[in-house]
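Visitor: Supplied in structure tokens, the structure appears directly below.
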Amino acid sequence: MSAVVAEHDHHDHGPAKGLLRWIITTNHKDIGTLYLLFALAMFFVGGAMAMVIRAELFEPGLQFVDPAFFNSMTTMHALVMVFGAVMPAFVGLANWMIPMMIGAPDMALPRMNNMSFWLLVAGVLLLASTLLMEGGAPASGWTLYPPLVLQTGKALPFAIFSVHLLGISSIMGAINIIATIFNMRAPAMTLMKMPMFVWTWLITAFLLIAIMPVFAGAVTMLLTDKFFQTSFFDAAGGGDPVLYQHIFWFFGHPEVYVMILPTFGVASTIIPVFARKPLFGYSSMVYATAAIAFLSFIVWAHHMFTVGMPIAGELYFMYATMLIAIPTGVKVFNWTATMWKGSMTFETPMLFSIAFVVLFTMGGFTGLMMAIAPVDFQYHDTYFIVAHFHYTLVPASIFILMAAGYFWLPKWTGHMYNEKIGQLHFWLSAISVNILFFPQHFLGLAGMPRRIPDYAIQFADWNMISSIGGFIFGASQLLFLYIVVDTIRGGTGEKVTAEVWEDASKHSLEWTLSSPPPYHSFTTPPTSIPTEHI
Amino acid sequence: MSTSDTYYIPHKATWPIIGTVGLVIMLAGFANYLNGSSIGPTMMVLGLLVFIVMLTGWFTLQSGESESGMYSTQVGISYRMGMMWFIFSEIMFFAVFFGTLWYTRNLSVPWLGGEGTRAVTKELLWPAFEAAWPTNGPGKVGGEFESMGAWGLPFLNTLILLTSGVSCTWAHHGLLAKNRDQLIKGLIATVGLGLLFVTFQAIEYHEAYTEMGLTLGSGIYGSTFFMLTGFHGFHVCVGAIILGVVLFRSWKGHFQPENHFAFEAAAWYWHFVDVVWLGLFVFVYVI
């Protein structure tokens with residue numbers, strides 16, 4: 001199926017002028033830019049909330065905020081980071097890169113693409129507005145468990161409708177990505193020649209379409225339980241609060257893979273370029289991604305080992321969860337094997353990618369520890385779980401998003417970023433992120449519960465160290481902001497080639513286009529495609 | 001360059017932002033209404049109006065573009081994929097409520113009655129509760145009620161929806177055979193049967209509330225019954241509106257045997273609503 005752009009609007013070939021360009025744009029690069037900048041802004045908003053949390057936990061006792069606001073901060077930090085920063089950042093990358101990687105002119109459904117972005121903004125604004133409401137923002141944790149969440153003040157319906165909007169936005173984005181990948185590929189681009197980033201996003205899009213309606217259904221039942229006298233989560237009426245947890249985690253577990261699968265995709269794109277070798281085990285990477293996605297649907301209750309499930313349930317979810325280590329292990333070994341005997345160089349994107357492989361593996365191992373049901377009874381709701389999922393999100397998803405930024409900024413802008421500041425950013429981040437999260441393992445094993453503003457005196461030392469790491473990490477990210485702005489404004493002044501990185505055009509199609517690329521990526525489909533990534 | 005081998009990419013789109021604004025006003029209005037604020041209903045109506053204007057404008061634009069031959073086969077495939085995966089997301093939405101019905105009936109209500117290892121819990125919490133279905137729980141939430149039988153209006157509604165599925169397919173055959181008369185009659189029958197279904201559903205709800213004591217507040221039975229049938233009824237209304245638009249376009253002379261995506265999408269949606277009802281009929285009414 002070949003795609004050739006039709007220019008029907010002969011009076012105006014370019015984008016609209018001024019601010020309006022960004023509001024009514026249908027161009028995949030414009031929309032990708034909007035997504036990425038919005039995600040970056042939300043990264044700092046969510047980060048500011050994390051700074052409030054770490055400041056409060058710097059010492060035992062209550063010093064800066066009252067406990068209810070502290071709980072709002074943990075809740076909003078999670079919601080903003082998941083739905084406002086990490087997911088939109090990956091959708092932004094998908095918008096920018098997928099059409100260029102598969103040889104297409106644009107996304108398959110450009111108008112819906114625009115709506116999907118603005119619904120995201122609307123959803124996050126609705127969520128943020130709850131901070132100013134009577135009774136405060138939701139303070140139940142991002143999982144919104146009843147009956148606790150039903151005690152939220154005026155914020156509750158706003159938070160619920162925000163979830164609906166974010167869900168519609170994600171579903172639209174996912175449908176668009178699936179239609180683009182299936183329908184817009186250059187004729188030579190067969191499925192098993194697609195870059196790994198495209199593959200991982202294809203699978204992620206299926207996850208999104210399957211789970212976002214489930215989350216929407218769960219919060220709809222919260223809404224009717226609160227305002228329309230239903231008894232879904234009330235045992236007195238024959239319902240069950242644990243039912244909410246089952247539904248939430250049926251969404252929630254695939255949801256965390258929505259944030260990690262595109263991460264794998266970007267890592268599989270960057271590592272071969274800087275190792276100057278083809279990706280080791282391309283097809284096993286594809287099958288491992290699909291296997292992880294499938295398993296993500298049948299392991300959800302490992303988040304609920306302590307709720308009183310039947311013993312058969314505990315055992316099933318324990319063993320099923322441990323199975324995930326197999327395809328994930330395949331990936332980690334493949335990345336390692338890709339680097340083995342490669343002619344490696346260590347530019348900033350590669351540094352972040354290598355740190356990802358090491359630190360994500362650590363997060364994976366703590367996950368394996370918690371998959372063991374009897375052991376999880378000790379770790380449940382402690383700082384150990386906080387350390388675990390932050391290792392899989394911050395030095396994994398966030399690091400890879402940074403890597404993607406450094407990797408593709410020269411392509412997007414036509415300018416080179418400042419490598420020295422990039423490396424400084426990397427080392428500050430990589431060291432401080434471990435000072436921030438590694439001590440939280442010790443705190444959790446010693447029994448410090450999560451989501452509390454105050455703690456017993458024996459946890460003081462590690463909390464202080466963790467907070468110091470947090471402040472350094474937070475401050476270091478301003479360097480990234482500086483680099484992004486600086487690169488857009490001209491960077492080092494060095495004019496980059498189409499290829500940017502040595503031999504990159506052997507790996508993927510986007511490097512065959514000029515830097516910055518033309519407004520419509522491929523107006524006629526490319527006839528030959530690079531296959532070095534396979 | 002002929003239009004058949006091009007991919008149409010619009011340069012500007014104003015409807016998405018208008019629709020977003022409408023949706024946000026509507027939802028913020030609903031939230032304000034739930035919080036007891038007097039501005040809520042006004043915002044809801046305003047938002048809904050904006051949203052309807054958006055739908056009308058956007059679909060008019062699209063059907064105009066389609067009729068002027070701007071869409072290639074490849075664009076049509078994108079649309080079909082979009083509709084297909086949208087319906088899949090709807091299936092997952094309904095799956096939540098079917099799952100809820102299954103979980104409460106087969107697991108949590110029996111547990112409340114002391115099944116499995118829960119005997120002590122029952123003795124401590126609600127020793128008098130005997131697990132059964134239908135139930136409004138140990139707290140008898142919502143008071144005495146009767147459950148809805150299957151073989152009156154619901155059975156009739158099953159026949160109505162199944163017939164409407166047939167008439168929809170008959171209309172499609174008319175379209176393919178360039179039989180305009182059959183197309184329009186088939187669509188009128190389908191929309192009419194859809195509206196009849198909704199009317200019967202309304203009568204059933206009225207009966208439930210006024211005579212049977214069965215409300216949304218009747219414990220878990222009332223909650224699952226009205227949530228499942230209510231969301232389904234809403235989808236029937238949406239489907240009927242979509243088919244109504246398709247009927248209007250057919251009457252205007254749109255659609256060719258080889259190019260009628262809007263008809264196909266509406267038919268898919270209608271069959272999806274039909275299949276959900278069969279699930280509802282079995283699991284909510286019969287069993």
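Glycine too: its Cβ is placed from the backbone N, Cα and C atoms.
Per TrEMBL, the features are:
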type: DOMAIN; residues: B:3-287; note: domain 'Heme-copper oxidase subunit III family profile'
type: TRANSMEM; residues: B:12-33; note: transmembrane segment
type: TRANSMEM; residues: B:39-61; note: transmembrane segment
type: TRANSMEM; residues: B:82-103; note: transmembrane segment
type: TRANSMEM; residues: B:151-171; note: transmembrane segment
type: TRANSMEM; residues: B:183-203; note: transmembrane segment
type: TRANSMEM; residues: B:223-248; note: transmembrane segment
type: TRANSMEM; residues: B:268-286; note: transmembrane segment
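Help me understand the surroundings of these features in the structure.
Guide: Predicted-model confidence for the domain 'Heme-copper oxidase subunit III family profile' (B:3-287) is 95, expressed as mean pLDDT.
Distant neighbours of the transmembrane segment (B:12-33): 39-51, 53-55, 57-58, 61; these residues of the same chain sit at least 6 beyond its ends, with a Cβ under 8 Å from one of its Cβ atoms.
Long-range Cβ contacts of the transmembrane segment (B:39-61) within its own chain (Cβ-Cβ under 8 Å, at least 6 residues beyond either end) map to 15, 18-19, 21-33, 245.
Residues of the same chain lying 6 or more positions beyond the ends of the transmembrane segment (B:183-203) and with a Cβ under 8 Å from any Cβ of it are 153, 156-157, 160-161, 163-164, 167-168, 170-172, 174-175, 229, 233, 236-237, 239-240, 243-244, 246-247, 250-251, 255, 270.
Sequence-distant neighbours of the transmembrane segment (B:268-286) (same chain, 6+ residues past either end, Cβ-Cβ under 8 Å): 83-84, 87, 90-91, 94, 98, 101-102, 148-150, 154-155, 157-158, 161-162, 164-165, 168, 190, 194, 224-225, 228-229, 232, 235-236, 238-239, 242-243.
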Visitor: Against which stretches of its own chain does the transmembrane segment (B:223-248) lie, if we need a Cβ under 8 Å and a gap of at least six residues from its ends?
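Guide: For the transmembrane segment (B:223-248), the far contacts come to 59, 90, 93-94, 97-98, 100-101, 104, 147-148, 161, 168, 184, 187-188, 190-191, 194-195, 197-198, 201, 205, 214-217, 262-263, 265-266, 269-270, 273, 276-277, 280, 284.
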